[in-house]
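Before any comments, here is the structure.
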Protein chains: 4
Amino acid sequence: MRAHTGRRRNDAAKAAILAAATDLLAEGQPVTLGAIAGRAQVGKQTIYRWWPSKGAVVLEAMTERARSLAPTASTGSLEGDLEAFVAATFTAAGTPEYAATLRGIVSEALRDEHAAAVLAEFTADRREQLYLIIERWLPDVDADLAVDQVYGVLWYRILIGHATVDDAAGRQLAATIAAQLRAAS
Amino acid sequence: MRAHTGRRRNDAAKAAILAAATDLLAEGQPVTLGAIAGRAQVGKQTIYRWWPSKGAVVLEAMTERARSLAPTASTGSLEGDLEAFVAATFTAAGTPEYAATLRGIVSEALRDEHAAAVLAEFTADRREQLYLIIERWLPDVDADLAVDQVYGVLWYRILIGHATVDDAAGRQLAATIAAQLRAAS
Amino acid sequence: MRAHTGRRRNDAAKAAILAAATDLLAEGQPVTLGAIAGRAQVGKQTIYRWWPSKGAVVLEAMTERARSLAPTASTGSLEGDLEAFVAATFTAAGTPEYAATLRGIVSEALRDEHAAAVLAEFTADRREQLYLIIERWLPDVDADLAVDQVYGVLWYRILIGHATVDDAAGRQLAATIAAQLRAAS
Amino acid sequence: MRAHTGRRRNDAAKAAILAAATDLLAEGQPVTLGAIAGRAQVGKQTIYRWWPSKGAVVLEAMTERARSLAPTASTGSLEGDLEAFVAATFTAAGTPEYAATLRGIVSEALRDEHAAAVLAEFTADRREQLYLIIERWLPDVDADLAVDQVYGVLWYRILIGHATVDDAAGRQLAATIAAQLRAAS
DNA sequence: TAGTAAGCGAGACGGTACGTCGCGTCTTGAG
DNA sequence: CTCAAGACGCGACGTACCGTCTCGCTTACTA
């Protein structure tokens, strides 16, 4: 018995698929499996060889792009770090293309359990970044609710669209949360 | 010119459609137009006579149920009123059926602009309730961010599913927000 | 209980589908379901509402066209009638387009039981025409084998392509079969 | 220039492929390349190293089996030889497995030009056998049509399935053809 | 005896057609 | 003019199969 036979999976194909999915999302075009496959010069079966569903592809495409977005470097104080991180996050997420992408992701996740798993992982990763910043200054405080308030406002506004998600909103929220955390410690 | 000719619209049909939509959402079954029409013993055209799209139906089904859920009567203090309202909201929204329905609503709203409009209206109405409570005690404070924090945490947790949405969470959040508002006034 | 509800099937759609299928066959283009649907301005589902499979569509398209092809009018003798009928059949079936269509039909029938049923019906109908001609002059003779010889030579040559299917071949075969029938009576 | 380098081709693989193809045909299962390769424990590339297309494989599988089927030894008369040969051919071809295989062959040939070429060769070989028998007794007669009548009836009945292909049918046909040839000489 | 070229089983790849599903519209006869 | 039923045009979905390609291994001739 051999350990492995047959042609190896082609990582270039996987990358092309993710790139195509990201492009379509960014351009606001309909994110069809056929469109992804066509743009990536890939057969549809190849997509299903790498992901269990359409939603999972789309979500992974976003996750990759988002992971290196908000700054985590320290500015010298809890207030400064929080403000930098939250404001950067809000600024990025507030652009029309990015917001549209996030909405698309949730839409996929709500219809596809695989996509939901990837979304859970993605959001957990984002929360973790925020935990690390808070922990740096207030290691003993319970930050669960504060973190959810930050991302809650972000997602809620993006999904409903009743209020802006921008630098100013981020700064205001960061200041409020910082005060709340100081009071709790 | 006649004032009106022909058969009158059947309100029983409308009610049956809303009931069918609610049932499907609560059961977690795929909410297709055909399924709604079939379960309600109604022609698809009848649905489109009352609503502009599938999503709008689903949302109205929910809106009706949600509108008279959380208490608005006063308990004697900002802290008490907030706690009662938020805790009741969280308790109701945290039940599996209700949470599933809310997820279904967002899913519809993200794919259908009519549904999005109804969701915007629905959430605006919910926020208004909370504004009124705050205004009762702190008429001059800017409560926009505080309100979004409450509903942000609620929706974010329901959509991602990483933390509980229950009475305790509601009470903790209400206390935090109340303190924040007191500090701002 | 009503006898029937809902919109009636659209015979124009059925006709358009058959026409599109016949056109594609005659043009030698690939007979795809999508191509048929597109050319007929019809949804694919509509095709499947009328026929159980692709092959059945194609076959029925041919059957319609073939049914009124060979003459059945009498010339005054068995020999004359047979020669007229067989020669006309061979001449028509021998044209490249028609032959290609017949080959396509068999190809469908061999992969699809519904199409096979239609082919069986079609060929039975063709044989019946020949029976009627023979019966006109020799009512008591068993013509089964003779009829199969005529159509056997036709299909065999069309499928294999080793010999011509034309007027001359038809006349020669008709004369042979006529003699055989006279001898048997 | 070297005469040859590298590993030799494996005749066992070729045989396994032919056997697998024959089995699938006889069992009436869908004859896909993947199925043949899987059953023969062979890579798909190996099949394409020996044959130009799927159809060619299937046809060669049959040709081998069919070539030594019907007797060509003489019985002492045209009538006897014809009857022996045709009856044996009909008996063999009439078995369900063999008939299924023949149908499969035509199906392949109609979709694949390589297969069509092999089918043409195969049927030419079968016709040649019959020519030889006729030539033995009537060297000067034109037997083209007679031969096509025999194989025409055989293939026509197998493809359409409206009449039996058995010993009796073969005998009756052989007698008819023999008489026809005698008359023509 | 090492080098090298071809064959091997396995299976991923790009592509194309399939048959199904859902949407929102249109059509029918009854109320 | 509404109602239930359901056919319609459209277009995305996920699967199947083709014939090609790539992988690590095996075999056999050549140097």
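We count from 1, first residue shown onward.
Cβ coordinates come from backbone N, Cα and C, glycine included.
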> Looking at the ranges C:32-51, C:92-111, C:112-131, which is given as DNA-binding region in TrEMBL?
Replying inline: C:32-51
> Average pLDDT across the DNA-binding region (C:32-51)?
Replying inline: 96
> In the domain 'HTH tetR-type' (C:11-69), how many residues does DSSP call helix, how many strand, and how many coil?
Replying inline: 45 helix, 0 strand, 14 coil
